[in-house]
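For 505-639, the entry in TrEMBL reads domain 'U3 small nucleolar RNA-associated protein 13 C-terminal'. TrEMBL lists 1-35, 36-76, 222-256, 267-309, 326-358, 368-409, 410-451, 452-484 with the feature repeat 'WD'.
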């Protein structure tokens, strides 16, 4: 630990090491001026009050106040926890809500208990303890605080916890202003939340839920479960949602209009951890859960939770009781879902079966048989009487609800398919695998139209928003990713590009007609059309003094345009029909560009290597043509002489 003296006229450095002593160093002479000895464990922070008072905190559960003039301890304050940071409150400011009633030094401690406390130096008493929604532990835990900082410009106190959460408090009240979650561990489920899907709720590998506001990244941490939360589901309106956990319970949570979330109900009854949950779709009327105890339970939601007026009066969570319990499978039930009309329930199990149940009495209606390994997810289609299932055998299947037959099988994943949802108004399926891949399937054609690679581990969470244009995924790699449907945007961009191409082609045609060759060359190069550029070059060469005009136009091109033409003429030169135009351009470049300048062209080496063999072949062909021409000329001369001699003989 090192700290500079805050007074610039006092060039001193304060340090502490594993010997638990605080040393004062003169920065001019590099000498140690004094040693402050009093702590019996690591010194974790140093804070200065004015120029003559120093506050030190340590893991020996004490804070010490030092007089820097005498370099002696003025007071030792026992704080009863391992302190990581002590922050002095400014003497000016109203801190009455923090128990500051008198003038004098006060400081805030942050440490192993995860609670901020305010202390008075004069009496050594704790004058304020921050209220928290969890039980504090004596020993260090994931809630312990590792850093604390006072920000005068924003009038805020900022803390950092062991879980890497950054929390911003109002300095005068220690009320939470904003919280940023820095680490999520393994994400087990994620759902959109709020009337306008403004939030997401995340179940990580912990008993706490995290609710993120998407616009600001502000995070609420919800306490209630005692073991890892396994699954989530949200009611249609987006204000109420349900969580279930390894602690054999489920909890119902409600979000207020201002975004604050509280627990309004809880239910106990399963013999093992509750691994899947689904809410009713039409109204907030019931919840279905499934567990490792192989049972399905239906829980009715009392009117007191759905009525806004009555819900506002709830002071503590209500207790829910299961209406129906049914042993549904012979192995763990991995997934449960409710149909869009609330009349049917589907379950998928490790026993490789999916089953259809009536939601009124939980009576079995049918069994879907066909998967070779355990089923991870079941989902009803929002538009058809169809059930989709995904399995550890790497396939997705669509089943008819009337005859329970398999309608389609989708193959393409190389690993277990963990989650599926219907998207694009029920015309497509989106699946996530244990290999970290998302696949988009078109139901009509049975083909995978897109594979998205954004995660590095199993994707457990997959959910789409109400508008059906955004998807959120959560994975074991601790990442939460938001995906946007860009189909319409891409189609519009492609259409705009096509219209632009048509306009440019029309403009090019006009330029050629008007014989404005330089502009035509530039436009053809920008369109990346080698054949069109060749057409322009041929048109120039057909003109009177074509070579001269070609030279003038090529010379006036920019360097990047010349590089593009060089790339094009490599292709032209491979064909004997176009080699004359290619050689004419090469000649112009060699004549007007210095060798050093040509060597700076990108791709010049590969271009020369490609040009040489074909150029040699063209010259060899020309040489053979010249020889053939000379031979024909010689034969023609001989024939004429022979004819003349024959005529002379006839005359004689």
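Using the three backbone atoms N, Cα and C, a Cβ is placed for every residue, glycine included.
Curation does not apply to TrEMBL; its annotations are automatic.
Counting residues 6+ beyond its ends, the repeat 'WD' (36-76) has Cβ neighbours under 8 Å at 1, 3, 5-7, 10, 14, 16, 18, 20-24, 82-88, 105, 107, 109, 119, 121, 124 in the same chain. Secondary structure of the repeat 'WD' (1-35), assigned with DSSP and counted as helix (H, G, I), strand (E, B) and coil, comes to 0 helix, 17 strand, 18 coil. When DSSP labels each residue, the repeat 'WD' (326-358) comes out as 0 helix, 20 strand, 13 coil, counted as helix, strand and coil in that order. Long-range contacts of the repeat 'WD' (222-256) within the same chain: residues 133-134, 188-197, 199, 201, 203-211, 262-282, 284, 287, 289, 291, 299, 301, 305, 311, 317, 320, 466, each at least 6 residues beyond the stretch ends and with a Cβ under 8 Å from a Cβ of the stretch.
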